[in-house]
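Visitor: Structure in structure tokens, see below.
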């Protein structure tokens, strides 16, 4: 039978909403691992394009047809000129030729608008799906991954990936594909004037493309260096903004300006090198296309002098010559943008698509709660580059038992709680919940079994109501308010400008430390999980607030398995058992009274805090 705590149903089974996996992948499909795209930025982008292949196919066909009409208008002009050159006796032929030209021009404009209308939806879907998948991938990393990386840098790279993907897709569709097709169609039309001229032109244009592509590839390192430095600027900026209080407190504004200026200066120099290399490409292209166009026009003029080309042919050749000139110029400009943005996409994708350190196993099963028993069996753990924090750690906790972990700093208490939450994996040994090895369970079901009140409370830049409801998203407003009242924070909440709708600021900056901690207790109350983890849960409270919250915690702990870390030993006096951790092992354990009555580390800690053995 389920019980009720603070008006909230106390069912030992975690809520289905909490047990559910993250949303399925883009377009309703299961998300695949993105790691395999870390070195393949174009394949990564193509993955999202193919999710909307019908819309993109229509866009491409419309663009191809529009380019065909644009270049074909030159042939229509040739036909009109030839008809007019025949004199006024041609009857309606001139009007037919004019109507053909007008129809081609109208079709050209209509097809571009069709492509633009459809791409407004399909392109935005690509970048939306991409960002959602990157967030999904990042959210699967352990806290250690984020501890080693700047939040601003990560956010900047997600934005850079999305922006670069949009630019690459747009540039390829609107700036690279049209001139490429235009040049090929123009050469095809020129073949109607002189096949040899068209063949020579195609060979020269192909050689130019190969040369420019080779030159572009040689500058890839310059462009990737710029992309990395641009990401560093974003990260530096966000890092300083997040810590602006520290900057002001230490009078370091000028120092940070100089540091940021140096970072920007490095990025500017890198971008200058990248752009100047691209200008070399443009110069080489401009010289080659100018010579090619002049040669084409001279060849056409000689054909006319030899009587092998009509006036219309010359007009068309001139028009197509400038189409080729402008098309290759546009293609060179597009190539510049593509090279830079593909480099930025490549750098961001490589940095973001790092394999998860703690993925669910392929055969992972949901944790089946049966009371909340916890067992550490011969667990050893060491952080990279350090000695062991836990050594052959053994501890069994019965369902509903309250256990306090105490010991000096660095003894391994917090590490034990982190391993229990599977924020890291032990190098040896097992951790069991209700007899099930947590290494073989899904992380979502494991998280649903626990409510955590940490020492350093994390709050979103959202309303008070949303932050408390984070413990159970399907809770009603009334349930949220009851949890807030039980945590003795409703009074200060209602004194805020918008009450429960007040935004708490970044990481709860608008609240005091004690207020943030009471919100965390309210959030844990609302979650109503069978295992409760308290990490210095009352450390930021004044004496009056602590007394009020202790009463709420006493009600919250009833009927649950509780593991609490505390340096203020007086907060553990009502616990069933105290476990003293030293050098990564259990050194002492027993009731508070038992340990206080005998010599040992616990009694030393008591006396160090001025507490009597009776405490």
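Cβ atoms are placed via backbone N, Cα and C, with glycine included.
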Visitor: Which one of 281-304, 305-328, 329-352, 353-376 shows up in TrEMBL as transmembrane segment?
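Guide: TrEMBL lists transmembrane segment for residues 281-304.
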Visitor: For the feature transmembrane segment as recorded in TrEMBL, pick the matching range from 54-73, 114-133, 134-153.
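Guide: Based on what TrEMBL states, transmembrane segment spans 54-73.
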Visitor: Per TrEMBL, which of 33-52, 93-112, 233-252 is transmembrane segment?
Guide: 93-112
Visitor: At a C-beta cut-off of under 8 Å, are there same-chain residues at least 6 beyond the transmembrane segment (164-190) that contact it? List them, or none.
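Guide: Those are 42, 45, 48-49, 59-60, 63-64, 66-68, 70-72, 74-75, 115, 119, 123, 126-127, 130, 197-198, 201-202, 205, 296, 316-317, 320, 323-324, 326-328, 330-331, 333-335, 337-338, 341-342, 344-345, 348, in sequence order.
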